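Undergrad: Below you'll find the structure I mean.
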Amino acid sequence: MHEEILKVNNVSFRYAEQDVIKNVSLTLHRGELLGLVGPNGSGKSTLLKLILGLLPLRRGEVYWFGVPLSRFREWPRIGYVSQKASSFNTGFPATVEEVVLMGLTAKLGLFRRPGRRERRAVEDVLELVGMEEFKKRTIGALSGGQQQRVFIARALVTDPEVLILDEPTVGVDMRSEERFYELLEKLHRERALSMILVSHDLGVVSQKMDTIACINHELFYHGTAEHFRDVQDEVVLKTYGREMQVITHSHAYGSHRRPAFEACWDDQRAYVRGESDAPEKEAFKQTEQGRSSMQATRAEKEEPTLVGGDQH
Amino acid sequence: MIYMLTHYAFVRYALIAGLITGVVAPLIGSFVVVRRLSVIADALAHVTLSGVAFGILMGTISRTMGLVDPVYYGTLFALVAALFIEKLRNVYRFYSELAIPIILSTGVGLGVVLIGLAHGFNVDLMGILFGNILSVTKADLVRIAVAGAVVIATVFLFYKELVSLSFDEEGARLSGVPAGTINFIFSALIALVISVSMQIVGILLVSALITLPVASALRVAHSFRSLIAYAIIFAEISVILGMTASFYFDLATGGTIVLVAVGILLIVLLAGRVRQLVRA
């Protein structure tokens, strides 16, 4: 059995008398690719913030590399690309090189300035993500997909053992999404990184990840992706709270891959809970994004209709 | 002007104090602006007013308290206010900008009451509000130089932490940057810069010297380092041209410095527009 990198034991989080996270337990082993999926507002980002210590952990336990969260200090071993990375201040006058160097701030410690070795590390990691030729460009001048690569480079520059990505493909085009997943495979192959990928795209995650955790405030599934595909209907019903038919179609990125399956629905309206910024942002919103992100169709339909998703 | 510089110490003091301010104000302003906290300098400057008024009032009550320069009280008040702003920003997480008008109005209200209480004290209120660079004494210059050196050294020491927190506070916190400590230091630096700039441009114009050169620099900078460099260059041009113009045309120095900074901003905006038209 591979070493346990992350252990989450019965973690709960309440906000405004509501259970945002309820008794969730997870493990991540060395080299494992874990997909954390669930509808919008299901508490995925909140769970991430709890295990990363960005929200106070009041109930349950989290261990990083066997060390309780409260005593864990080796944060450079963990690379994190937050959902907010896609909504940063694009007017910030920083070059790509400066942004990636920021990833080394804590590792260097107070009073130490980046030297030749650190600049070499920045160049290496920019080469790894295919952005070396953009290092003198300002971050705001890049496309969404390129910015995403820079943020991944920033997370990788400390040579972490785990990479955590919170909704990394939000706001990037299909071609960039394809290149993004190619990059993840490369990182996993070349650096043996363990990863947690938070997404609401069930189809992609179930194809790309080793293990899946389905969450909608509580955990409905945690196991291998292979087993997930056998029990997906039952899991999706429990997680999303409605009967759905999972359909398969080839995803835009890579026709050489097995066809990805997406859950699709044909509701005119989808209600999702906005959780991107903070758990207290509880107001239910009617959004187009919810409709397209769920990409689920009702089981009773004989010929499922994709709503909002890309049909390839 | 050269004659004045060589023959009158107060002109030299004024110029050196202005040049120091021209470095530290845009230096800290670069971080203030990219953190979208431009108004914070204004709020803290108004609190400094109440601190100065408190210092003067104390001087009228107690001789011992009167030995302390009122500017130090102003700095202390600004520092405490900066901490309150941080607290209030957490209390009103979704209306964090509310913290600034709350502190600003408290500062003005307290300042007015304290000035009223100490009625009769002999103080150049106009000098506090709009600056009086020619009143800089040798002792003032030493204070300004020490405060300026502290600001520059601190930014140099914590540069990478300040940049990381300014760009992505959550990411910086997660990677292990001591955000609480650095934010406290940042607030203290703003308070120090205000105390340095107060005598040069006055409380009402301090935020202009902190933000205007940075606003111009944002249009031409291609990296964060170049933002700081351009902002300092623009601020120094404003100080030198502003002082020279005020000397020759007998204008209020603080206001003239700020107007030159506004002029630079207009030129930069115009140049950008011309460049766009040429490219098109």
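Glycine too: its Cβ is placed from the backbone N, Cα and C atoms.
Bear in mind that TrEMBL entries carry predicted annotations, made automatically and left uncurated.
Quick paste of what TrEMBL says about this protein:
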TRANSMEM  B:12-34  transmembrane segment
TRANSMEM  B:39-58  transmembrane segment
TRANSMEM  B:70-86  transmembrane segment
TRANSMEM  B:98-121  transmembrane segment
TRANSMEM  B:141-159  transmembrane segment
TRANSMEM  B:171-194  transmembrane segment
TRANSMEM  B:200-220  transmembrane segment
TRANSMEM  B:227-249  transmembrane segment
TRANSMEM  B:255-274  transmembrane segment
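Provide an account of the burial state, proximal residues and distances for the features listed.
TA: Listed as Cβ neighbours of the transmembrane segment (B:12-34) (distance under 8 Å, sequence separation of 6 or more from its ends, same chain) are residues 5, 40-41, 133-134, 136-138, 140-141, 144-145, 147-148, 151-152, 155, 162-163, 166-167, 186, 189-190, 192-193, 196-197, 199-201, 206, 209-211, 213-215, 217-218, 224, 227-228, 231-232, 234-236, 238-240, 243, 253, 257.
Sequence-distant contacts of the transmembrane segment (B:70-86) (same chain, six or more residues past either end, CB-CB distance under 8 Å): 40, 43-45, 47-56, 58-59, 99-100, 103, 106-107, 143, 183-184, 187-188, 190-192, 194-195, 198-199.
Within its own chain, the transmembrane segment (B:141-159) has Cβ neighbours under 8 Å at 13, 16-17, 20-21, 23-24, 27-28, 69, 71, 182, 185, 189, 192-193, 195-196, 199, counting only residues six or more beyond its boundaries.
For the transmembrane segment (B:200-220), the list of distant contacts is 17-18, 21-22, 25-26, 28-30, 32-33, 38-39, 41-42, 45-46, 48-49, 52, 127-133, 136, 193-194, 226-232, 234-235, 238-239, 253-255, 257-258, 261-262, 264-265, 268-269, 272: same-chain residues at least six beyond its ends, Cβ to Cβ under 8 Å.
Sequence-distant contacts of the transmembrane segment (B:227-249), counting only residues of its own chain at least 6 positions beyond either end whose CB sits under 8 Å from a CB of the stretch, comprise 1, 4, 14-15, 18-19, 21-23, 25-27, 29-30, 34, 133, 200, 209, 212-214, 216-218, 220-221, 256-261, 264.
Here the transmembrane segment (B:255-274) has long-range neighbours at 18, 130, 200-201, 205, 208-209, 212-213, 215-216, 219-220, 234-235, 237-239, 241-243, 245-246, 249, meaning same-chain residues at least 6 beyond its ends whose C-beta is under 8 angstroms from one of its own.
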Undergrad: Report, as numbers and ranges, which residues of the same chain sit near the transmembrane segment (B:98-121): CB under 8 Å and 6 or more residues beyond its ends.
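TA: For the transmembrane segment (B:98-121), the sequence-distant neighbours (Cβ-Cβ under 8 Å, at least 6 residues beyond its ends) are 39-40, 42-44, 46-50, 52-54, 56-57, 59-60, 77, 81, 84-85, 88-89, 91-92.
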